[in-house]
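Quick one: the structure is below, questions incoming.
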């Protein structure tokens, strides 16, 4: 069985290692500057030695370590800080933080004031924090006058930016107008049942009595006799009755054949349908009634209408529009046959 050899360090080597460890510099910072390399303004050069301690038992001394191990445990680190000194940088950072805090506190106080003014003198909610009661934070004494001026300018800009949309909204509210400013209010022109019944009674009285008021006979150029309004008629008003003999169609055809034989007689016959039957009002015979003398026009101011009284139809004329005094009364005869137009050319107009 072979025996192994144990290698031991000579005592001279251990002594040399102890001497090197004793003369090595400590962990404090030492400024190093090589020849020909002066320190520039604003540049801080530090050469620090960070000593790495090996995990050793407290019984072992530094003399037991080899010189190679001692050299490896020491490292030189050179730190360069170009630019301004560190103290100035730290001071500027603190000033920026202080100004930011001042701006935030001022903006918060203004927002709280605006909320309070909108809310009015109402009592605050129980869970709400009373931020408005707290006074605004004053800038710390470390801030100089320039920082305070910058904070005020920033606060003014923020307030202007918030007030601008309010002005726009106020302008919009001022421009809002009612719909009635552009369109008039439309009121119903319908008449009540009582009003309609009273009008029907008046028409019945006028028709049965035969009164014809508000008109007169006058000579019209190119037409002969005509009827002129002597008072104002409103739209829908009763004007006059087309009065004559009410006959059925069979009797009307016989009379019409007789009237054709005498050209000087003329034709004043008006045909209409009532309850699925055709009737005719013959006003050829000369009377003092004015309805038979109203002339024809396609753009007249009157129109015919049937009015029933006790089951008997009456042909009446009502105003199709407002009629002024002195205006001629006209209505459309409604005859478009070729024979009638050839006999009476004025029916075209």
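Note that Cβ sites are derived from N, Cα and C of the backbone, with glycine treated the same way.
Small disclaimer: the values here were computed from a predicted structure and weren't measured.
Swiss-Prot lists 18-46, 65-207 with the feature region 'Disordered'. Swiss-Prot lists 107-119, 192-207 with the feature compositional bias 'Basic and acidic residues'. Annotated phosphothreonine per Swiss-Prot: 138, in sequence order. Taken from Swiss-Prot, the feature compositional bias 'Basic residues' covers 154-170. According to Swiss-Prot, the S-adenosyl-L-methionine binding site annotation covers 223, 224, 225, 268, 295, 296.
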Sort out for me which one of 223, 225, 296 has the most neighbouring CB atoms within 10 A, since those are the binding-site residues we care about.
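Buried the deepest by this measure is 296.
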Around the Cβ of residue 224 (S-adenosyl-L-methionine binding site), how many other Cβ atoms lie within 10 Å? Please give the count over every shown protein chain.
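Excluding its own Cβ, the number within 10 Å is 9.
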Please state whether DSSP places residue 223 (S-adenosyl-L-methionine binding site) in a helix, a strand or coil.
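Reduced to three states, the DSSP call for residue 223 (S-adenosyl-L-methionine binding site) is coil.
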Taking the mean position of the Cβ atoms of 223, 224, 225, 268, 295, 296 as the S-adenosyl-L-methionine site, which residues outside that list, in the same chain, have a Cβ no more than 8 Å away, listed in sequence order?
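Neighbours within 8 Å of the Cβ centroid, excluding 223, 224, 225, 268, 295, 296: 220, 226, 293, 294.
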